[in-house]
Amino acid sequence: MSGKRKRVVLTIKDKLDIIKKLEDGGSSKQLAVIYGIGETTVRDIRKNKEKIITYASSSDSTSLLAKRKSMKPSMYEELDRAMLEWFNQQRAKGNPISGPICAKRAEFFFYALGMDGDFNPSAGWLTRFKQRHSIREINIRNERLNGDETAVEDFCNNFRDFIERENLQPEQIYNADETGLFWKCLPSRISVIKGKCTVPGHKSIEERVTIMCCANATGLHKLKLCVVGKAKKPRSFKSTDTLNLPVSYFSQKGAWMDLSIFRQWFDKIFVPQVREYLRSKGLQEKAVLLLDNSPTHPNENVLRSDDGQIFAKYLPPNVASLIQPSDQGVIATMKRNYRAGLLQNNLEEGNDLKSFWKKLTLLDALYEIAMAWNLVKPVTISRAWKKILPMVEEKESLDFDVEDISVATVAAILQHTKGLENVTTENLEKWLEVDSTEPGYEVLTDSEIIRRAQGQADESSENEEEEIELIPEKHINHAAALQWTENLLDYLEQQGDMILPDRLVIRKLRATIRNKQKMTKSSQ
């Protein structure tokens, strides 16, 4: 007769590890044996997967997750949700947070939520709040966090020591950061106000996406841009498979990055692509991803490969705005490339602004922003790391490439664009920076925090399935497509300077279309 199995109480970290193993194809039976638990417990963990991940993602401490064994809720759950949302936003924005500030805010939310009874945000309540959400420290110095030069020096020294201990090369050190992009915002003679575009018909919310760029410290490995739009399948995509897009596309009802999307990106895109790159360079498959404290970035314990060799590390909130590499001109250069590219396309097509504006779709924008990211030079990225890793900038200083596109270059394009000849330098600069302060994550007002804490749906949650774009439906049959490839091949043959690979690509495309045409005829 077998003895009774000893009761095992798993930590939150254990549950996260089990979830990862289940996602990678592990069986409930095997995991039950490994962790000394029943299969029912494993199934319960699978069932509560999202709740566990959300809880861990909002935690401030990996070490506390390794100790904490329950997700015991607060007796004031709505207040707890509101306070956590508020706390994460304040930390991300670099605002000072202290015990008294938290207590005052908790009292405000308690009454704003219409909760009954007396509430005393005592030191005991604050301690329990920190424990519930694995927050290491809530008291951050009472000065504005966005300019702490001493903290910058301390972090940089500690980070360099960390890199040396882990034996990491610049090729193994990455940074990712989100930003909002008003993809259909064009300059006009009317003044451009930061955060709003004045071109007739522009809808800043509808025509905004979140973009996340990620590259290593050498700038030699740039991952495809991660783009978050509102619609799962925008009309402009038509039959385009999202896997074939020049970006990694995700959807969210407000076109914001969120915890779930970031985790998917990390597990399914970042980790595999980094492994592949490091393997190609003959380097150990080990890397660190440096992040800021955005509310959409999960806990370090969640952002970790199965073998623990690829992981995330966070910039302290009081230094992120000063040294985050992507914010040191990388994102700004990409956006400038994008907008200059739009103007150049308009110029080459010979359209007036109104016609170009009407035809521009999200799909067009994705190809253009991908091109803009490709045009960001490795040296631009490596220089952005000079505050954290001076040796990287020195190593890359031999790159004597031409400078990135300037405001003067964009102004020169404007001079040849009908309807934009008189745009002032001031308006041009405002247009180029119109979304420079867009964070890429949703910043909630107090009233929005309250509605969310009460479980009320956002007004913007409707119609998330399909994005409205005025695109004329057009059906192109196989015969027409085949004729176009024939014409294009004739053109390439006439051009003496066209290289052989270009012609081979078109010939391959022609063969594919012919096969499709034959299959269609045989099925009729």
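Heads up, the Cβ atoms here are built off N, Cα and C, so glycines get one too.
As recorded in Swiss-Prot:
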DOMAIN    1-52  domain 'HTH psq-type'
DNA_BIND  28-48  DNA-binding region
DOMAIN    67-139  domain 'HTH CENPB-type'
DNA_BIND  100-132  DNA-binding region
DOMAIN    168-385  domain 'DDE-1'
Tally of DSSP helical, extended and coil residues in the DNA-binding region (28-48): 17 helix, 0 strand, 4 coil
Secondary structure content, the domain 'HTH CENPB-type' (67-139) (per DSSP, counts of residues): 41 helix, 0 strand, 32 coil
Residue distribution over DSSP helix, strand and coil in the domain 'HTH psq-type' (1-52): 33 helix, 0 strand, 19 coil
PLDDT averaged over the residues of the domain 'HTH psq-type' (1-52): 82
